[in-house]
Amino acid sequence: MERREVESFFERATSIRALVVGDLMLDEYLWGRAERISPEAPVQVVEVAREDLRLGGAGNVVNNLAALGCQVSVCSVIGSDENGALLRRALEEKGAGLEGLFEEGERRTSKKTRVLAANQQIVRIDRETKSSIAAASEQGIIDYLAARSGDFDVIVVSDYLKGVLTPAVLSAVCRSGRELGIPVVVDPKGNDYGKYRGATILTPNRKEAEIASGVAITDQESLQCAASGLLSCLELDALLITRSEAGMSLFPAAGGAVHIPTVAREVFDVTGAGDTVISVLSLGLACGLTMADAAWIANVAAGIAVGKLGTSTVAPQEIVAEVGHGAKDSDSKIKNLDVLAHAIAREHSRGKKVVFTNGCFDLLHVGHVKYLQKARGLGDILVVGLNTDASVRRLKGEKRPLIEETERAHILAALDCIDYVVLFDEDTPLKVIETLGPDILVKGGDYSIEGVVGREVVEARGGRVELIQFVDGRSTSRIIEKILSSY
């Protein structure tokens, strides 16, 4: 998605009404310094300098959705204790609707205390009740869902296995969503995913998907196998598996998996990143985005979230800025690899056939142009990988290139047959091919198919290699020789 499309999405988000059903908790952070060892035991002494109390669990989903601009209501159970009162007050401050919030006198409101020093967690202390909610609370939630589900555009289920999401509650949620045509988006937990049957989409991480499916995920084939099994037995519309540094993989029930690479960045804390994913994904589906576009924006948001310490929200302007990063001119065809990866994932999600070729393209001539035009004719999108100046020098000698990389890139981008240009500094485009996953890999007729770099990668994904003959007598070297001999 381009920057303007993302901005338009967030403008529409302000009218969305979301219901969050799940386990609420408080996240307490004690920030300090650990510069000495206790004389009482061989443990660090943390001198607390700052304390911070935030909404956690399903509360962090509420926090994220509110930060993204939509109207949020809560359906859950807390204790009639001090932490419950603090949690209720925090939700009220976010403007959340609390008609579906129930209390139990004997229940302990979940609170997780994290002690940090030098931006590192030292210990976590949990205070909580994990047993299922009382029958009266369960019936209260079911009645609330029956009466109020139609008031919302999306239902978000945040399961932390703290007892709120009983089988009866989950059944009521999924039934309401199906009957009313409302997306039900679930962040699952535990080994038994049968309780989520009938939801719209689940967002497990790789490890959770392995446990739930019983398939060890080691490559693309096993990933697809795990996803297919879960999709069929749970009657889902789609499955989104988050894969840490490998990004996300979206598996629609109708077929056509979409793999969304992550944007490389320094990771400070993954706490709450899953809450960010489900919040943005849910909002996207409620706004009518395709599954692929909603997942793509969620991936961008998650990349921002892991760069922050603690359960933090991601603001719309941060996501918009990240989408625009590396592409100051939104109309430019010249992209860095991270930005291009997102663009190509979106093209794939639309069923477009992506063609990739590469070269130095130093002193562009008619042979190059005809070659590129033929390559474009093989598919819908043509991506050209362009060797940087350093790469050209290693391949062709210190006197090359004649034209520096920025100018070569702009010359190529001016051709109508080219959709994207990406520079690469390596001797081969293997990294680019692995990242983009083109459907067709094109090289000149002087190559053999077996010798084309990246062939195995493309063919393993169901793609193919094509060889295109060059125009006889046309080459940069011959042009240089003619200039030297004639002038």
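Each Cβ is built from the backbone N, Cα and C atoms, and glycine gets one as well.
Going by Swiss-Prot, these are the annotated features:
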type	residues	note
ACT_SITE	ASP275	active site
BINDING	ASN205, ARG206, LYS207, GLU208	ATP binding site
REGION	1-326	region 'Ribokinase'
REGION	356-487	region 'Cytidylyltransferase'
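Under DSSP, ASN205 (ATP binding site) is assigned to a strand (E or B) in the three-state scheme. The recorded positions ASN205, GLU208, ASP275 differ in how many other CB atoms lie within 10 Å of their CB, and the one with the most is ASP275. Note on the binding-site residues ARG206, LYS207: the fewest other CB atoms within 10 A surround the CB of LYS207.
Calculated from their C-alpha atoms, the gap between LYS207 (ATP binding site) and the residue listed as 'active site' amounts to 17 Å.
Across the region 'Ribokinase' (1-326), mean pLDDT in this model comes to 91. A separation of roughly 16 Å, to the nearest angstrom, links the Cα atoms of ARG206 (ATP binding site) and the residue listed as 'active site'. Cα to Cα, ASP275 (active site) and GLU208 (ATP binding site) are separated by 15 Å. Residue counts for the region 'Cytidylyltransferase' (356-487) under DSSP, helix first, then strand, then coil, are 55 helix, 26 strand, 51 coil.
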